[in-house]
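First comes the structure, then the notes that go with it.
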Amino acid sequence: MEPTRISAEGRNPDFENRGGESGEAEPLIELTHWVYDRGHRPSTRGWFHFFAAILGVIAGSVLATYAWMSIIWWQALGVTLYAVGVVVLFGVSAAYHLGPWRRKKTVDWWRRADHATIAVFIAATYTPFCLIALPPQTATWMLTLAWAGALGSVILNLVWIDHPRWLGTLVYLVIGWLIVPLVPQLLHNAGEAVLWLLLAGGIVYTLGALVYAFRWPGRDARWIGYHELFHLATIIAAVVHMVAVWMVVNQAAGVI
């Protein structure tokens, strides 16, 4: 069955005045089931991040509340920013992939937001570790680099959303591994457990990014394709890093 063809505003062209008052034809886009057709996608596309967003609201709220009750305000603010970043990342992704968007323009804007929030989330993840486990001067320049990179990525995705896939992946990986020169300080101030959790999460993120960049094993799967594997990797890595955030908060609070 051929998809219904309707106007960008949702009207059937059979009932349109093709010339209109301006004499120009109404632009048409092809839709399936009354939403913009984005082609074949595995049936789980977006659902993993949908449930991750819900769990992120719960876990992030508990984490932020505990931080405000246990550590100094500017460290707690960093933890709150991180918690918000978790929810925004997964929430925007779920909205983009699951939303019944009727216009290509709307889909494109959600796509921009989806890609832009990745770098913002990376910088948000840096924030509690820098504010809690690093000296103020080191934390300042590290956060400056991370958030400047995030801003650059946001601008890139807003003005050039169709940039090469490898470029976006490279930007995310560079921002994500900026922390490497500070490993000795993190080891000294936060301990081996936190450092190993950060490393493990970073490796999972990187593997997910490579799956996304190379589109392995393709998108024609019925249930789980390359994009779903990428989403699962981001969820696993986010959980690992959230455990690490809990640990540094407890360290700052004197619990461990």
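Yeah, the Cβs are placed from backbone N, Cα and C, and that goes for glycine too.
What TrEMBL says about this one:
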BINDING   H97, H227, H231  Zn(2+) binding site
COMPBIAS  11-21  compositional bias 'Basic and acidic residues'
REGION    1-22  region 'Disordered'
TRANSMEM  47-66  transmembrane segment
TRANSMEM  72-96  transmembrane segment
TRANSMEM  116-134  transmembrane segment
TRANSMEM  140-160  transmembrane segment
TRANSMEM  167-187  transmembrane segment
TRANSMEM  193-214  transmembrane segment
TRANSMEM  226-249  transmembrane segment
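Once Cβ contacts within 10 Å are tallied over all protein chains shown, the binding-site residues H97, H227, H231 are led by H231. Each residue in R45, G46, F48, H49, S93, E228, F230 lies on the same chain as H97, H227, H231 and has a C-beta within 8 Å of the C-beta centroid of that Zn(2+) site, without being one of the site residues. Long-range contacts of the transmembrane segment (193-214) within the same chain, counting only residues at least 6 positions beyond its ends with a Cβ under 8 Å from a Cβ of the stretch, are 129, 133, 165-166, 169, 172-173, 176-177, 179, 183, 186-187, 226-227, 229-234, 236-238, 240-241, 243-244, 247-248, 251. H227 (Zn(2+) binding site) carries a helical DSSP state (H, G or I). Within the chain, the transmembrane segment (116-134) has long-range Cβ neighbours (under 8 A, six or more residues past its boundaries) at 71, 74-75, 77-79, 81-82, 84-86, 88-89, 92-93, 142-143, 146-147, 149-150, 152-154, 157-158, 171-172, 175-176, 178-179, 182, 185-186, 189-190, 194, 198, 241, 244-245, 248-249, 251-252.
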